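Here is what TrEMBL says about this protein:
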- 97-230: domain 'CUB' (DOMAIN)
- 244-371: domain 'CUB' (DOMAIN)
- 531-654: domain 'CUB' (DOMAIN)
- 726-748: transmembrane segment (TRANSMEM)
Amino acid sequence: MDGVCVQEDKIMDGNAQTEVSNRKNLGMFCGEIEQTRTFISETSFVKIIFNVNNFTEETYFSFDSRVEQQKEVFGRFGPNPVLYPYRRGEVVPGTYCERVFTDCKLQSCFVQSPGYPSVYPRNLHCKYYLNTRMPFIKLYIENEEFNVDGQRCENPMMCPMRPLSTNCPFDFIRVYDGKNEEAALIGTFCGMGRFPHSIIGSGQDVMVEFVSSPAGPFLNTGFHFNVGNWPGHVESSGSRNGTCDWVFSSDTVERGQESIFLSLAHWYPPGTSCSYLIRGRPDEVVRMYFPSFRVRPIEAPIRPYDGDCGETLIIYDSDREDDARIMKMFCDTFSRPLEKHDFISSGSAMFVKFESRTGSYDGSSLYYWAQYDFFNNTHYGKPVEDTLCDELFESFVRPEGKFGSPLNTLLYKTDEDVLCRYHFKAPRYQYRRILLTINSTNFKHNDDECMECLNDKVDKLKIIDPFRNGTNVCICDNWLTGHRLPPHIVSNGPSLTLEMHVDHRHAMQNYFKSATPIFEGTYKFIHSPICGPTVIPASTEGNIVYPKYEPYVYGGYGEDVHCIWELRVKQERDVWLYVDQLDFSLNDCSLEVIEVFLPGHDRPEFTICEKGDTADETKTSILKARDLTEGAIIIHFKSSAPGHSNFKLTWTELFELPRNSDGTVMTSKLMAPGECEFVCPGQAACIHDDLVCNGVRNCPGNSSGAAQHDEAPEICFSRTGSKFNYVALGLGAAGGTVVAVAVIILVCRNCRKRPDDNTY
């Protein structure tokens, strides 16, 4: 029936005067029909040509005709045809059935075979150029009646219907994913029945080609479908390589903002593989989640597949496929829908891959809307393994720097309280201290007020010093840099821990994606090894010698020095401080200075920052016992030229005696045995008896060179001589001279000797 017919009908639709005509390519209708069939012309002129090679009494042909208005042919023109004059497209001049459809919307474009809803003519080669303003163009053909070469027999009684098929030797339609035949072929279709699915193009244009063979039965009614766009297209911020291999970069996404990509919403061939590489900066991590994720059976496969996982979506914690780093795998046959779960990369990239064995005419069985963003994962210190956000700061890695609350605000998207610990550590042998400065805090709404910081369930910072006997510092209020002096915390030893506590009840609301950090601060490992021990135990006298070691041994030439000594003092003792050796290379108080503080005071009691010509009275001070409420003195030494400075600071514990009304010294304290046995000459102060003639001047004012003081030769000779008189008495006159010389030498050595235990 595809070549020559024994008897044939030809229908000429149109002539030279009509807009369209098929007169140049007439086809032939052959065979028999048992029921009435209709042909509705495209023009106002129809010519029927009946031809039979052997006319007999069994030859029979009859027809009726009538004229109808367009509005009466509802199946072809639809409702309100006047409002849509180009609903069936614009005819390409000089053709019978080539039509152009522009800016299609649902119900504004009817794509039909010629003659629809009646039998279509033979020997057709029609082209329909379809366009929508936005991707993805969709042929709404699902559940529409489709009859292209659905029956092809001489005897209709013995002619079964041909089911829908892609094997089409005679009549067919072809759908191209583009403007012409050079575009990718979506599929070829023929047969009879309700079309099982729609077809969605990957862009704004589709071309449909319809071909009917030169000869065929007067049976097939063709096709009809609408055209519109499918709302599954978004402008992604990445770059695409090929059809669906994407690269998304944080360079194209504003910090703190999100971007999206969608599942394939259009057709794709079997064996399709799509990849999505989401790449952040080296200091970032990637978060991806699905605001919407649905799994459905594969309803419009191009190639049938009976096994499991005809389509898969795999998420890798990597920048490429790596089976060892699969985070999640979705499959059309066993995966459940998933929404709002965060997938977070451990590095700066995430790789997502979609694969289909079957292909699809109308989009993926895994329907997802993926949203991704990037988070700054920079760490100030070294991250501690198996913790949420702990960091370690070690003196030999970086002796000073900045630190603050985690920059990765994903930490606050949690149902549990957030606890981050910042550990500052130095080797014990280095005598280090840690100086923390909290420059700003920005605690937001708390459900509870901060009344007792350490115990209240509020957002706070807690500083724990293991060398401070459990006295912790706690901060739960706010301040900004410049509004007031920031708090400084100095450790008593070589380690310190700061804890940041955030209540889970408002963590996400307050801090997730907040551009303002909860706190910011700086740290510095001070009191280098050349400073010596940090805490000096209480003793009746002693001295601090700087440098403790030669600077080159511990690299003291390379860094500024900040030494802090805590000098412990016995209860009810006054302290006399005196700098008796001083060699500063810088004559600038902002660059090199000794400062003496009372505990809890922000301002020093006295300061030494000049060179050797500094007046003696500026090098000495007596600190009263009534001011030493915590039993300690804090001494700071700061220098920008640590390798070129040295000094010795001496201290003595003493009692400063009150005076009687007549101006004489009150000596009631002298009753305590050994504690206040020696009254300093010319001073209202007394010192421990063991300090007299110990080689160091321990009485205030002795630096002036006064003749009488605790180290005066006449005092020391009388005290030491009495100890050795029994030796002289036991010797003969002949050895007296030798013994006398020995006594003098011993006295001098005793006057100059100082126990090493009191030098720090």
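For all residues, glycine too, the Cβ spot is worked out from N, Cα and C.
The DSSP breakdown of the domain 'CUB' (97-230), given as helix, strand and coil counts, is 3 helix, 58 strand, 73 coil.
Per-residue pLDDT, averaged over the domain 'CUB' (244-371), rounds to 93.
Secondary structure of the domain 'CUB' (531-654) per DSSP, as helix, strand and coil residue counts: 14 helix, 56 strand, 54 coil.
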